[in-house]
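To start, the structure under review is shown below, and the notes come after it.
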Amino acid sequence: MIQSFAFSFLFLFCFYFFIFYFLFFSVFIFFFLHFSLIPKYIRFENFYITMPDVLIKNVRLLADGVLTPAEILIENGKVTGIAKEFRISEYDALIDGKNAVAIPAGIDAHVHFRDPGMTYKENWYTGSCSAAAGGITTVLEHPNTLPPVIDKSGFYLKLKQAKKKSIIDFGINGGVTNNLEKLTELWALGVNCFGEIFMAESTGGLNISNDTLGSALSKIGQMEAVAAIHAEDDALRLQNEKLLLNDNSDDVHSRIRPNECEEIAVRNCLKINEAEKTPTNIHFCHTSTPEAVALIDAARKDLQAKQNQMIEKNKNKDPAERTSDYQILRHITCEVTPHHLFLSTKDCGRLKTFGKMNPPLRDPKSAEYMMTALRTGLVNAVASDHAPHRTYEKETAIKAAPSGVPGVETLMPLMLAAVRKNMLSLERMIEVTSRNPARIFDLERLGKGFLKPGFDADIVLFDPKDVQVIKAKNLHTRCEWTPYEGMDGIFPAMTLSRGDVLWDGSQIIAKKGRGSFLPGKGRRPDADEFDGVDDRDLIDENEMENEEEDE
Ligand SMILES: [Zn+2]
C-alpha cells in the first residue's frame, strides 16, 4: 500500500515536474528564438505588429551593369538584405515584383510645392502624391513660398504644413535675400541648404545683388553648407526686355534670357565665391547651356587641382600645424531639368506660355548637349524644378504669363524612357536621380539615395517595356497640364518609401502626413519642433478653402 502510494507520488511528481519543465522551457525557447537568432521562422503573422516586415520577391536589380534576379528584405523601413533567394516563409507583407526592375526611388532636389501661401497652385499633399506616383520619395522644397523661408516663423510655417500633409520625406531649403543675419538661425533650425539664391528676377521676387551674393556665400561657407544658385544675369535680361518690348512671338522669353544670360551669371558667381574668405559649396540649379557647363567644368578642375596641392602639402602634418590655406574640401556641382533635356525652342510654338520657365527653353543643340553632359558626368543630377501654375494663369499673353512648369511626376518616367531609347545607361540614370542628389545634399547621412542594406527602403519597381503616353489627366499635381503631353514615359509599377507602398501602379495608398522631415546637418539638437512660434501665425488662409479637395 505504502509502496504503491510512494510510487504514485513519485510518478505524479515526475509528471508535473516534467510538464512544468517542458512549459517553462518552451516559453523560454520561444521568446529566445523570437527575439534573437532566427525570428523569421517562428514569428506568427500579426503576433508582433510593431515591425512591418516586407519581402519583395521576383525583381531584377542592376549588379555590375547587368540586371540580376533578386529578393529584397525590409525591416523597420530599412533594407536589411538583398539576395538571390531568402527562403523565408513568414513576413507581414509579400510583394511579388512580377519580374520588374527595382531601383532606388528618385530624390528631386528642386521642387516648389507652393505651400504655404499659393496652395491654389499646389500643396504638400497634392505635390507629394504627384512625386510618389512618379517614383520620387524625397524632395527638397525651395523657399519662395508666401511667406518665404527667410526666418524662423517662415521655416516653422512650412515645416508644419509639410508635416501635416506630405506623404513623402522632405527637406526644407533656406531662402537668401537681405536676411543675412538670419542665415545662422535658419541653419540651426535644420534647413538642408541655402537657395535657390536668385541672381535674377523670378517667381517670388527673392533676387539679390552681386554684393549681397558675396556676403551670403561667405556666410554659408562658414557653416560649410551648400549654396544652390539660380544663375541668370539680371542686367542682360533687363536690357533685352527693353529691346524686345514689342515682340510677342512664342519664343521671345528664350531671347530675353539667352544662353549668355546664364553664362555671365555662372561666371560671376564662381568669381565672387572664390574671392570670398570662406568660399562655399556651390550647386548650380537647372543649368541649361553648354557655356555654363564649360565654366563649371573648368572651375571644378581648378578647385580639384588646388585641393590636391593642399592635401599634398598638409599630408604628414597635425591638424594644428596645417597651413592657413588648408580648408574643408568644397565641391561645385550642377543639375539639369527634364525640360532642358527633352524640350527646346522647337516646342515654343506648340506650348506657348505653357513652355515659359526660368531659365527658358534653349535651342535644340543646347538641349542635345545637356543630355551628353549628363551622360558623361559634367552634369551631376537631374531635378525637376517643379513649378506649377494653373491653366487659367497661363492662358494669357506670353509676356504676362507666370514662369514655371510642373515636372515632379514626369522626371523619372522621362528618364526611364530615355534609358530605353539608349540616351543614357540605367546605371547613370540611377546615379543622377538618387545617388548624386543624396551625396550633394548630404542625405546619405539620413539613409537616402541607395538601394542597399542599411539604407531606407525607398524603392521604385518598373517594367522597362511598359512605355506609356504621358497625359495630364493621369497626373496628380493640382496643375491641370503638363508640357510633356503625348511624350513617352515609363511610370512606376510601385513606389515604396521606407517600406510603405505609396503608389501601387494605379492609386495612392499612403496616409497624409506620413512623410518625415529630413533635417540639415546644422540642426541644433535642442531645436524644438515649433520653437517659440505662436500657433496663430500658422494659419494659412488659402488652406481652408482647399482642404476638401485634397482628399
Ligand atoms: Zn530657379
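Cβ from N, Cα, C; glycine included.
Keep in mind the model is a prediction, meaning the values are calculated, not measured.
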Ask   = To which of Asp347, Asp363, Asp385 does TrEMBL also attribute binding of Zn(2+) 1 at the site defined by His110, His112, Glu196?
value = Asp385
Inquiry  = Among His340, His389, which residue does TrEMBL annotate as binding substrate at the site that also has His112, Phe113, Arg114, Asn144?
reply    = His389
Remark   = Checking TrEMBL, the member of His253, His286 that binds Zn(2+) 2 with Glu196, His230 is His286
Inquiry  = Quick check for the class: what is the C-alpha distance, in angstrom and rounded, between Asn144 (substrate binding site) and His110 (Zn(2+) 1 binding site)?
reply    = 12
Task = Sort out for me which one of His110, His112, His286, His389 has the most neighbouring CB atoms within 10 A, since those are the binding-site residues we care about.
result = His110
Key: Cβ neighbours within the same chain of Arg114 (substrate binding site) - under 8 Å, at least six residues apart   = Lys121, Glu122, Asn123, Gly127, Thr145, Pro388
Inquiry  = Quick test of your reading of the structure: among the binding-site residues His110, His112, Phe113, Arg114, Asn144, His389, whose CB sits under 6 A from ligand 1?
reply    = none
Ask   = Among the recorded positions His112, Phe113, Asp385, whose Cα is within 10 A of the Cα of His286 (Zn(2+) 2 binding site)?
value = Asp385
Message = What's the number of neighbouring CB atoms sitting within 10 A of the CB on Glu196 (Zn(2+) 1 binding site)?
response = 28
Key: Rounded to the nearest Å - Cα separation of His230 (Zn(2+) 2 binding site) and His110 (Zn(2+) 1 binding site)   = 11
Ask   = So how far apart do the substrate binders His112, Phe113, Arg114, Asn144, His389 get, largest Cα to Cα in Å?
value = 14
